[in-house]
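Let me begin by presenting the structure, written as structure tokens, before commenting on it.
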Amino acid sequence: MSGYRPFIGLEIHVELATKSKMFCGCCADHFHKEPNTQTCPVCLGLPGALPVPNKKAIDWTVFLGLVLGCRINKHSYFERKQYFYPDLPKGFQISQYERPFCFKGWFDEVNITRVHLEEDTGKLIHRKIEGEKVTLIDFNRCGVPLVEIVTEPEIKSAEHAKEWLKKLQRVIRSLSISDCDMEKGSMRLEANVSVSKNGKLPSYKVELKNINSFRFVEKAIEFEIQRQTELFEKGQKIEQETRGFESDKGVTYLQRSKEEAFEYRYFPEPDIPPIVFTDGELDKIRKQIPELPEEKRQRFVKEYSLNEQEADYFVSNPSAAQYFEVLYLEKNFNLDFRETARLIINKKIDWENISPADFKAEVAVLQEGGLSDQVELAKAAKIVVDGNPKAVADYRKGKTNAVGFLVGQMMQKTKVDPNLARQELLKILE
Amino acid sequence: MDIVDNSIRETVDLFKKRKISCQEIVRACFERIEKYNLSINAYLTLNKEQALKKAQDVDNNRVKGRELPPLAGIPVALKDIYSTKNLRTTAASKIIDNYLPAYSATVVQKLESVGAIIMGKVNCDAFAHGATGENSDFGSVKNPWDLEYVAGGSSGGSAAAVAFGGCLMAMGTDTGGSIRNPASYCNLVGLKPTYGRVSRSGVISMGSSLDSMGHLTRTVEDCALVLSVTAGYDPLDATSSRKPVDFYLQDLSHPAIKGLKIGLPQEYFGRELNPEIKTLILKAAQQFTDLGAEVDEVSLPNTAYTIPVYYLIMSSEVSANLARFDGIRFGHAREMFGEEAKRRIMLGTFALSAGYYDAYYLRASKVRTLLRQDFEKAFAKFDALLAPVVPIKPRKIGEKEQEKLKLYLEDYVTGPVNLAGLPALALPCGFWHNIPMGMQLIGPQFSEKKLFEVGQAYQDVTDWHLKRPPLVEEMG
Amino acid sequence: MKTTKISPQKVRQVAKLARFTLTDNEIHKFQGQLETILEHFETLGKVQVEDVEATYQTTGIKNACRDDKRQHCSLTQKEALQNAPNTQKGYFKVKGILPEN
């Protein structure tokens with residue numbers, strides 16, 4: 001650019017898909033529920049109510065940390081992060097500071113500083129009611145377990161940030177611990193951006209908040225790098241501050257200056273005893289780590305000679321991947337891997353509705369050409385329809401899969417292209 | 001003397017012998033309340049309708065010959081920091097003078113499940129901040145023994161309510177001495193259980209790592225009975241202990257004192273201790289010797305640091321615990337906090353703030369370890385420790401105004417027990433002029449059963465606990 | 001222990017963190033009181049605490065967790081709102097604040 005190098009670090013919050021909240025037994029699924037209908041004295045912050053941690057949330061945090069290559073603090077504890085805000089009923093958030101569950105990780109060539117566990121806050125809605133500005137608060141979301149992932153400032157560009165985050169999202173989704181969806185708010189982002197000319201990490205960083213899509217991450221960071229570079233070129237100083245992102249204008253704006261920064265006064269949470277892990281427990285969690293998307297993609301490319309796009313398709317569609325691999329399990333199928341992949345990806349064979357055995361049969365027919373004469377096709381189709389009243393009735397009831405069964409029946413009797421067979425059958429059935 | 005001046009045990013006996021009914025005793029307590037509460041200011045909120053209704057239910061069950069649970073029909077008062085569902089809970093502070101909890105504390109539910117009758121909520125120092133009962137936003141609690149004197153604190157209302165016959169037992173809390181101190185002032189038995197022995201769920205937190213949920217009764221036996229009900233693990237309190245609850249009443253009829261080693265912490269008997277009070281405690285020590293115990297001196301060398309350690313840790317926890325009072329979901333604006341609450345919040349916020357955390361909060365937490373170790377070393381040689389509860393002469397109402405901050409310094413005999421999480425049993429052991437005076441027995445964690453035995457042995461040979469305040473004696 | 005002098009500015013800062021609005025008189029009063037209290041606490045600075053672990057809890061309990069089960073403990077909307085000074089159609093209501101997140 002102009003000799004200024006950006007330093008970008010990311011903070012990602014992920015809502016865990018546990019059944020209950022982090023410190024109480026309230027339902028954690030808060031999407032589209034009537035306001036303040038899923039609260040209890042604990043998550044509402046009523047005097048006297050005490051927090052009791054959700055074991056699954058802790059296990060999943062460690063699980064995620066291990067997947068992200070982190071070291072685990074075998075002796076860990078929660079802390080109180082104190083500040084006042086209407087969405088924070090206790091006046092502090094139970095979070096982690098000195099000893100997070102996970103630290104010093106590594107994912108897709110970026111160092112991860114820490115992965116820790118905390119509770120979510122309530123939701124604020126800003127409105128104007130009868131000319132007066134009000135803020136409405138719903139505590140249904142308050143207390144839902146939230147994992148925070150913090151990276152070192154090693155992200156190189158706005159585009160890198162976007163790509164890295166997409167990969168992270170894919171991995172987290174593959175673990176089935178969160179639907180990690182930015183639109184639903186189960187994945188939230190903050191970016192810390194600074195620039196420097198001398199290649200050294202600057203002493204300040206600007207926190208960007210209120211970014212709720214991958215596209216906006218890229219735009220916000222791009223804008224911010226530009227804004228900071230321009231300020232430096234004018235000879236101005238930049239201090240620690242928090243900025244929001246206005247998506248329609250594509251600009252960042254000041255939210256909190258350094259002087260207004262919260263001072264959190266962390267101290268160990270006295271209501272929750274420390275959490276201690278044994279080596280045995282950590283091994284057990286480690287063993288549950290599945291094949292990760294990147295590993296799978298590489299394996300599909302290597303083992304099956306697929307290209308990147310084809311491998312990507314199977315990584316993004318786990319059921320297709322499973323079907324594909326089952327086809328080759330019995331070693332009685334020798335269609336070229338890439339051919340099979342194409343048949344599945346392009347849905348040339350209706351693989352979702354037929355068994356792998358039937359799939360193999362259809363392939364065999366395709367390979368040998370098969371019946372194509374219209375009259376013969378129509379005859380064969382009629383025989384099958386007459387001979388299978390139940391399947392026909394099912395189809396008429398709305399079970400469209402039944403036609404697949406009839407195709408199979410046709411193919412058992414004669415060599416025929418499955419698509420042509422289907423066409424004929426449907427002519428009769430409609 | 002009246003039926004309301006009996007112990008719980010005596011009352012249960014009278015119930016069993018059909019000499020009195022539950023409704024009679026509940027009504028008698030309400031009569032006392034009507035007569036004396038205005039001048040003593042113990043009760044803030046009464047639960048009369050519900051209490052009488054429940055009393056009726058208990059009597060009906062009795063008549064039907066149903067077996068009654070251990071505290072059936074016993075009138076109980078609750079310090080106004082115990083959440084009671086739909087019964088006003090104020091913490092004696094104007095900031096939540098209209099708060100109706102939507103749930104009840106675990107201990108309250110336990111008491112109700114064994115038939116206890118909740119008479120109402122009693123006064124205390126606001127948010128339990130104080131040792132005289134004068135920090136209440138609803139007026140000071142007066143000592144039934146002499147209305148010019150304080151009832152002690154912070155559970156002053158709890159003590160006064162039992163002392164004047166407005167109930168037969170009361171729940172309080174002890175964070176730095178707040179059950180033992182008013183027990184001493186009002187001639188009652190006061191138990192501060194081991195931290196974690198009784199659930200804190202539903203009780204407005206003061207110092208989260210220090211708060212103990214205890215109670216005040218007339219006798220040691222009553223005290224043991226109540227602990228059998230309130231003690232036990234609670235899944236709603238992560239700091240509550242899973243240790244099985246002892247059979248506290250089991251050996252009370254034959255307490256084993258012979259050969260018991262009782263230590264007198266020399267640092268508690270120094271220059272600061274009022275000589276007349278010292279005499280009373282040493283007399284009690286002699287009585288233990290006469291009973292066969294071995295009494296000797298012991299040192300708790302880090303005692304001098306108690307006050308800074310206690311106040312820094314307690315205020316830090318308080319400052320965080322009172323942050324939820326923001327006037328949004330309940331209560332009024334933060335300006336409505338009383339002066340003492342504001343002071344402690346300011347002190348705690350300061351102790352946790354950047355640049356001061358290490359020198360204050362962290363350092364205090366480390367010295368706390370040294371104080372714990374003092375006790376561990378002492379209990380390697382001794383079974384229990386005997387100590388004063390109130391080290392200075394009893395205070396008259398209004399005295400503390402001139403020496404607000406000096407008051408903090410008196411917690412040095414009670415505070416260490418909370419810092420170490422130990423149990424302590426306060427017992428009447430005499431009088432300073434016309435005001436009762438108590439002593440405390442401190443034991444290792446979960447040694448309540450032993451403390452009860454020692455206390456019972458003492459009450460078997462003394463009659464301090466049988467005395468009642470003059471105004472009650474006058475009633476006849 | 002560094003100092004027992006607390007500036008009025010520090011008192012104001014602490015008051016802000018504690019969400020208190022104090023008058024100048026109150027700032028002055030608290031300044032005096034805090035200084036007095038902290039002066040009494042100076043002895044703490046003399047204690048040898050190297051190699052001493054801090055005590056945050058006295059129970060020795062570890063791993064006090066709960067299973068991930070939904071409890072039927074929730075309050076109704078009415079109960080949740082029952083003490084609130086201001087509500088609006090099921091929400092708690094406060095004066096408008098600048099949106100941050």
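Glycine is no exception: its Cβ is also placed from the backbone N, Cα and C atoms.
Residues or ranges marked as active site, charge relay system in TrEMBL: B:Lys79, B:Ser154. Under the heading active site, acyl-ester intermediate, TrEMBL lists B:Ser178. Sequence annotations record features per position, and here TrEMBL assigns domain 'Amidase' to B:24-451.
Feature map: TrEMBL annotations on the structure.
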{"residue": "B:Lys79", "record": "active site, charge relay system", "DSSP class": "strand"}
{"residue": "B:Ser154", "record": "active site, charge relay system", "DSSP class": "coil"}
{"residue": "B:Ser178", "record": "active site, acyl-ester intermediate", "DSSP class": "coil"}
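Across the structure, B:Ser154 (active site, charge relay system) and B:Lys79 (active site, charge relay system) are spaced 9 Å apart at their Cα atoms. Summarising the environment of B:Ser178 (active site, acyl-ester intermediate), the number of other Cβ atoms within 10 Å of its Cβ, over all protein chains shown, is 35. For B:Lys79 (active site, charge relay system) paired with B:Ser178 (active site, acyl-ester intermediate), the C-alpha to C-alpha distance reads 11 Å. Cβ neighbour count for B:Lys79 (active site, charge relay system) (all protein chains, 10 Å cutoff from its Cβ): 33.
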